[in-house]
Amino acid sequence: MALFIFLILVGYLMGSINSAIIVCRTFGLPDPREEGSKNPGATNVLRLGGKQYGIMVMVFDALKGILPVILAKLLSAEPVTVAFTALAAVVGHMYPVFFHFRGGKGVATTIGALLAFHFVIGVMVAATWLLVANFWRYSSLASIASISLAPFYSLILVGNLNIFPPLFMITILVLYKHRDNFNRLIDGKEPKIKFKHSVIEEIMEASPATSAEQEFPGKEVIDTNIDETEKTEQAEAVKKPKVKKATTKAKKTTSKEETTKKPKSTKPKTKTVKEKE
């Protein structure tokens, strides 16, 4: 019983460390609780700051679920205790004691906890999220579908009915946190994930512009991840200084020609004056 209480406290306190708020404060981004969807989670940080900050928050949130579950396994806790430790980490993420109980929706923390609890279950849940997000481009729909299937994946792969209640409670909490997303999905007002490629490609690949800037620091680099009109505008902007140089050279040559022609026009006037004398 003492081990159970200890692990529940550790899981909840680790889950209460909200990485979205910390990352936004560290890098000078808007407060995710006040901007965007007003949810301090990875998806909102992705919209507010970009892909690199969204992935950073996603990794930290997953670690909040991974570390307490690994600790529970190292202490030889029973599977039910490990599952409740995962539940405590998710509750801490949703209702953090360090941030006035205003937290995220617990999707990344749940996936991290499942990866540590049973790796195959975690992979299946993560794969479900990626597939749904890739085809429909709704992060909320992907979260709802993947987390809802987690308890049933555990029944198929583990077959232990004792771990079903805590995993089912996680599902209920995640669905409750997505209640506003349900209404927006029904009304067709839910914002989509805005990527130019598929979600999987965007997560796996780095931006071409950043790699080019690292190879050629201090030089102008045309971004390859933009449309054709922006490319032509950037190309014209790069060529403009050369045109200016050419025009200045032309002005210099014309001024030289004018100065050379002026003495020739004055010589005949002096000759006519001498002839009159």
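Note that Cβ sites are derived from N, Cα and C of the backbone, with glycine treated the same way.
Values in this document were obtained by computation on a predicted structure and should not be read as measured data.
Swiss-Prot has this to say about the protein:
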COMPBIAS  216-239  compositional bias 'Basic and acidic residues'
COMPBIAS  240-253  compositional bias 'Basic residues'
COMPBIAS  262-271  compositional bias 'Basic residues'
REGION    207-277  region 'Disordered'
TRANSMEM  3-23  transmembrane segment
TRANSMEM  55-75  transmembrane segment
TRANSMEM  79-99  transmembrane segment
TRANSMEM  111-131  transmembrane segment
TRANSMEM  155-175  transmembrane segment
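In summary, the transmembrane segment (155-175) does not lie against the transmembrane segment (3-23): fewer than three C-beta pairs, each 6 or more positions apart in sequence, are under 8 Å. Only residues 6 or more beyond the boundaries of the transmembrane segment (111-131), in the same chain, are considered here, and those with a CB under 8 A from a CB of the stretch are 61-70, 73, 82-83, 85-86, 89-90, 142-143, 145-147, 149-150, 153-154, 157-158, 199-200, 203.
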